[in-house]
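Student: Sharing the features that TrEMBL gives for it:
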- 1-27: region 'Disordered' (REGION)
- 14-26: compositional bias 'Polar residues' (COMPBIAS)
- 120-140: region 'Disordered' (REGION)
- 172-190: transmembrane segment (TRANSMEM)
- 202-218: transmembrane segment (TRANSMEM)
- 248-267: transmembrane segment (TRANSMEM)
- 279-296: transmembrane segment (TRANSMEM)
- 282-353: domain 'Concentrative nucleoside transporter N-terminal' (DOMAIN)
- 302-322: transmembrane segment (TRANSMEM)
- 359-387: transmembrane segment (TRANSMEM)
- 436-458: transmembrane segment (TRANSMEM)
- 464-484: transmembrane segment (TRANSMEM)
- 465-708: domain 'Concentrative nucleoside transporter C-terminal' (DOMAIN)
- 518-541: transmembrane segment (TRANSMEM)
- 561-577: transmembrane segment (TRANSMEM)
- 654-677: transmembrane segment (TRANSMEM)
- 689-711: transmembrane segment (TRANSMEM)
Amino acid sequence: MSTRRDIIHIKKPLNQSDRSTESGYSSLERKHVGVKVRAAQNQSFDCSELSETVFDEHYSDDPPLDVKAVRTETTAEISMGDQDATAEIFTGDHDANEKLVQSNGEKAKPVVEIEVEGLLPKPSPEDDDGWTEDEEDIDKEQSQGLLPRIILSIRKFFLTCLTLVLKKTKGYLVTILLLLGYLAYFIAAMCHRFDDEGSHRLLGCTILGVVIATRRYIRYGFNVFLEKVTGSSSLTPMWKKRENTARFFLRWLMYGACTGVMVWVIVDKAIKEPNNLRSLPGIVIIMFICLCFSTAPNKVNYHTIFWSVGLQFLLSLFILNWKTGKDAIWWLQSRIDEFFHNSEDGSKLMFGQNYKEHYMIFGAMPLLFFTNGMMTLLYYCGVMQFIVTVFGNFLNFILDTSPVESMAVAAGTFMEGITALTAFRPYLKSLTKSQLFLVITSCFSSIGSAFLAILAQMGVSIELIIGAMLISAPATFTICKLMFPETSKRKHVKISDIGNEEKSKYANVLDAFQEGSVAMLAVVGNIVVSAFAFVCLISWVNHTLAWFGDRVGINKLSIELISSYLLYPVPLAMGVAPEDCRRVAMLYGYRLGSSNIIAFFKLAEVRNNRLKYVDYMLKTGGNGTVTYVNDDVILDQLGETLPFGFISERSEAIITYALCGFSSMLSVAIHLGMMGAFLPKRRKWLSEIAMAALVAGNLANCLTGCFACLFF
């Protein structure tokens with residue numbers, strides 16, 4: 001019968017104060033076996049604090065609590081279930097001398113070691129405790145004939161060769177084979193056809209992939225080149241002086257060039273499209289408000305402010321005004337639409353061919369699973385880190401901001417806010433108050449790529465969303481660096497290996513895709529439940545307000561009516577036409593009070609109303625009559641009512657830009673809870689600046705809408 005040994009190291013040294021004159025025993029209750037220790041003499045000691053316990057596999061892994069053992073001079077009686085055993089207790093200068101406890105840097109007295117050697121319960125015939133893999137392999141090998149031995153020898157030979165090749169290639173054999181295969185395919189594809197969009201796309205993606213894969217070698221080559229030119233891997237004082245001189249002249253040259261472009265474009269717009277300049281006063285007003293509420297107006301870095309505004313201007317000019325930029329956005333929108341169409345097969349499989357009858361719940365929402373799964377897969381492969389790093393370094397160089405905040409804002413542009421915060425979790429504790437305020441605001445001022453899916457299925461223009469996502473990054477810097485300028489002298493923390501902690505959760509690409517898809521289950525549930533609950537709440541509040549309004553002669557008093565007047569100055573400052581300001585203010589009220597998803601739902605309704613109105617006018621040859629009843633529009637000849645009417649295409653573009661962010665009360669609660677978990681010591685400060693971050697996020701989105709007005 002096999003034996004079992006338990007070794008219990010008692011953390012507390014044995015001394016007179018530990019002894020008691022009480023006799024008796026205490027029990028050690030475990031999962032399978034109860035151990036009872038009975039004193040041979042009337043002396044006992046407390047061993048409730050254990051430093052180490054080695055259990056048999058029959059026991060639970062949980063350490064026992066409030067353990068009491070009974071001391072004897074030499075032996076003790078042990079009862080273990082139905083088996084009996086004896087134990088020897090070593091004290092004083094015996095074996096326990098070799099096991100000392102460190103206490104405040106000094107050696108403590110020898111601990112007491114109890115060795116218990118007993119008997120295990122008799123194993124049942126079903127137990128296979130005596131089985132080992134080695135014995136199993138030996139039995140198999142002895143029972144094999146000539147043919148199996150030959151097969152094993154061949155397999156062993158190939159495994160030896162494979163191990164040798166892997167050792168020589170340093171583990172990159174599979175990678176090398178895949179690269180050679182792709183190279184052969186790429187050459188064949190380029191030779192087969194090189195005159196269409198697909199071939200150009202393949203070439204561009206291949207170049208991007210090569211740059212991503214070899215970025216470390218490119219950086220190493222640059223350092224080698226720098227060392228050969230300067231004679232050192234780092235710049236010498238002479239070269240640093242030359243660099244600073246070049247930076248000085250280049251900075252002022254770029255100041256002049258950017259200012260010249262802005263003045264020239266504004267003058268050109270004033271001549272050709274003067275209505276587009278309606279938002280210029282709004283830009284000035286928004287920045288002035290931020291400066292008035294600044295925590296340290298004398299510390300504002302106006303270099304950052306100038307270039308953040310300049311970047312918004314140049315990006316808006318490129319995306320909305322230049323043909324090249326428009327074509328690039330249209331091309332990107334087409335590729336995104338193609339990508340989204342892949343989810344249709346999944347919807348058909350799960351919900352049937354008629355899933356489009358309830359498209360929002362069976363088509364748009366499940367698309368988020370697929371989209372976020374792909375985003376997580378790209379994150380695991382390092383593609384998203386590369387894009388974030390490039391965009392973040394660009395912002396860092398242009399705006400003269402820290403690497404952490406630059407890349408955090410860049411991450412918020414392409415990833416949903418919570419995902420971006422998780423990726424930068426290791427760096428959050430090192431941020432100053434100004435930097436942390438910027439990072440929090442960036443979660444509110446952008447929407448993230450994953451939500452492109454649901455917005456596209458709502459009918460919102462993707463080209464407008466993409467432009468708003470890009471322009472919102474510098475807008476966030478403008479607002480935050482005015483409201484909360486940097487006052488700390490702390491050195492910037494360098495960023496390396498963004499998101500490695502998050503990436504390490506996944507075993508491979510398939511695991512990353514699956515986990516990313518499953519992670520959106522809670523988000524989809526949150527969206528569906530919140531949308532349903534808020535729509536019901538808004539309906540109830542509207543009926544209640546209508547009843548109260550009717551008591552005093554106000555017809556159809558509602559949240560929409562109140563917000564359309566209360567927030568009227570906001571769209572007016574963004575350059576919206578006065579006739580559309582009340583409806584745009586209503587949409588902005590939805591976003592501020594509930595969530596941007598609710599606001600986009602309403603925007604989709606207003607957009608559909610505009611399309612119906614345009615179609616009505618086409619069918620009637622432009623002679624169709626309409627009747628305006630409060631905010632509703634009635635198409636007389638069709639007898640159809642358009643609730644809340646419609647807005648112009650230009651006003652629709654401006655409010656789309658302004659709605660691209662999570663600056664709502666609901667989002668503040670979610671992100672504040674997460675940040676409090678990440679930074680428990682700053683929880684109080686985070687609560688104090690939460691509303692300021694909400695205001696900053698809304699102002700950043702309004703600033704984005706102002707620039708959309710200039711060029712749309």
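In case you wondered, yes, glycine gets a Cβ from its N, Cα and C as well.
Note that TrEMBL annotation is computational and uncurated.
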Student: Three or more CB pairs closer than 8 Å, sequence separation of 6 or more: does that hold for the transmembrane segment (436-458) against the transmembrane segment (172-190)?
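Tutor: The answer is no, given that the two segments have fewer than 3 Cβ pairs within the 8 Å cut-off.
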Student: For the transmembrane segment (654-677), give me same-chain residues lying six or more residues beyond its boundaries with a C-beta closer than 8 angstroms to one of its C-beta atoms, as numbers and ranges.
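Tutor: For the transmembrane segment (654-677), the list is 417-418, 421, 428, 440, 443-447, 460-461, 464-465, 467-469, 471-472, 530, 571, 574-576, 584, 587-588, 591-596, 599-600, 603, 647, 683, 686-687, 690-691, 693-694, 697-698, 700-702, 704-705, 707-709, 712.
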Student: What is the three-state DSSP composition of the domain 'Concentrative nucleoside transporter N-terminal' (282-353), stated as helix, strand and coil residue counts?
Tutor: 62 helix, 0 strand, 10 coil
Student: Let me spell it out: take the transmembrane segment (359-387), skip the flanking residues so only those 6+ beyond its ends count, and list any with a Cβ under 8 Å from a Cβ in it.
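Tutor: That would be 211-212, 215, 339-340, 342-344, 346-347, 350-351, 410, 414-416, 419, 449-454, 457-458, 498-499, 502-503, 506, 509, 512-521, 523-524, 527-528.
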Student: Mean pLDDT for the domain 'Concentrative nucleoside transporter C-terminal' (465-708), as a whole number?
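Tutor: Mean pLDDT across the domain 'Concentrative nucleoside transporter C-terminal' (465-708) comes out at 83.
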